[in-house]
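Structure first, then comments.
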Amino acid sequence: MAGFGFRRHGVQPDLASRTWPCTALFSLLFIPVFSKGMHAAQPAVVLASSRGVASFVCEYGSSGNAAEVRVTMLRQAGSQMTEVCAATYTVEDELAFLDDSTCTGTSSGNKVNLTIQGLRAMGTGLYICKVELMYPPPYYVGMGNGTQIYVIDPEPCPDSDFLLWILAAVSSGLFFYSFLITAVSLSKMLKKRSPLTTGVYVKMPPTGPECEKQFQPYFIPIN
């Protein structure tokens with residue numbers, strides 16, 4: 001039993017001495033990889049358009065050799081943070097959110113122009129840009145301070161039937177007004193013509209004395 005116990009205690013230090021260099025090497029290789037930070041900058045405030053579209057630029061500090069980048073849009077509400085959209089792209093290719101129509105974006109160097117669509121007033125909040133340099137190692141991750149996006153819902157459009165009634169009323173008023181103006185104008189024209197006629201038509205007899213008894217004057221009254 002003593003021999004077994006000695007052999008048992010002798011094996012443990014030997015295994016530990018063999019595995020310790022591998023563990024140390026593994027730690028030295030991977031611990032720095034996950035501990036590197038990166039700065040990301042984004043505007044403090046953005047006002048969405050009347051159509052619910054907001055855009056801003058997320059700029060990150062690049063090491064110069066990043067080939068694969070992942071961009072994530074986060075929304076912070078109180079103490080909770082939810083993912084709005086995310087996309088992974090290579091530097092040679094264009095940034096595209098394939099599985100989400102809410103977000104669109106373009107990339108240029110270490111700048112990413114992000115656009116969020118379909119925002120409503122209840123979507124007002126702090127939106128944070130998170131950038132990860134995935135490949136090649138080392139792995140970098142950076143998060144911006146957040147962009148406060150304000151969304152104002154547009155005023156509802158009036159009822160189309162109500163607009164049609166207003167248009168019909170205005171058209172009818174213009175028609176009757178033009179009809180009245182025309183009637184008044186015609187009445188004034190007729191009144192201007194009436195003084196030109198005397199109301200009595202006299203037929204003059206011939207000047208010769210021989211025809212004096214053949215023609216008698218007469219008149220036509222005009223009411």
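Cβ coordinates come from backbone N, Cα and C, glycine included.
Lifted from Swiss-Prot, the feature list:
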| type | residues | note |
| --- | --- | --- |
| SIGNAL | 1-35 | signal peptide |
| TOPO_DOM | 36-161 | topological domain 'Extracellular' |
| DOMAIN | 39-140 | domain 'Ig-like V-type' |
| DISULFID | C58-C129 | disulfide bond |
| DISULFID | C85-C103 | disulfide bond |
| CARBOHYD | N113 | N-linked glycosylation site |
| REGION | 134-139 | region 'Important for interaction with CD80 and CD86' |
| CARBOHYD | N145 | N-linked glycosylation site |
| TRANSMEM | 162-182 | transmembrane segment |
| TOPO_DOM | 183-223 | topological domain 'Cytoplasmic' |
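Positions of Swiss-Prot features highlighted on the structure.
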residue : record                      : DSSP (3 states)
C58     : disulfide bond              : strand
C85     : disulfide bond              : strand
C103    : disulfide bond              : strand
N113    : N-linked glycosylation site : strand
C129    : disulfide bond              : strand
N145    : N-linked glycosylation site : coil
Inset, instruction - Taking the Cβ of N145 (N-linked glycosylation site) as the centre, count every other Cβ atom within 10 Å, in any protein chain shown. - result: 12
Inset, instruction - Would you count the other C-beta atoms found within 10 angstroms of the C-beta of C103 (disulfide bond) for me? - result: 19
Legend entry - Within-chain partners of the transmembrane segment (162-182) [C-beta distance under 8 Å, separation at least 6 from its ends]: none
Legend entry - Residue pair N113 (N-linked glycosylation site), C85 (disulfide bond) - Cα distance, angstrom, rounded: 14
Legend entry - Cα-to-Cα gap, C85 (disulfide bond) vs C58 (disulfide bond), nearest whole Å: 14
Legend entry - DSSP residue counts for the region 'Important for interaction with CD80 and CD86' (134-139), split into helix, strand and coil: 0 helix, 2 strand, 4 coil
Legend entry - Helix-strand-coil residue split for the domain 'Ig-like V-type' (39-140), DSSP-based: 3 helix, 57 strand, 42 coil
Inset, instruction - State the mean pLDDT for the region 'Important for interaction with CD80 and CD86' (134-139). - result: 89
Legend entry - Distant-in-sequence Cβ neighbours of C58 (disulfide bond), under 8 Å, six or more positions away: A40, A41, Q42, V71, K111, V112, N113, L114, C129, V131, G144
Legend entry - disulfide-bonded residues listed as C85, C129, least Cβ neighbours within 10 Å: C85
Inset, instruction - Fill in the CA-CA distance, N145 (N-linked glycosylation site) to C103 (disulfide bond), as an integer in Å. - result: 19
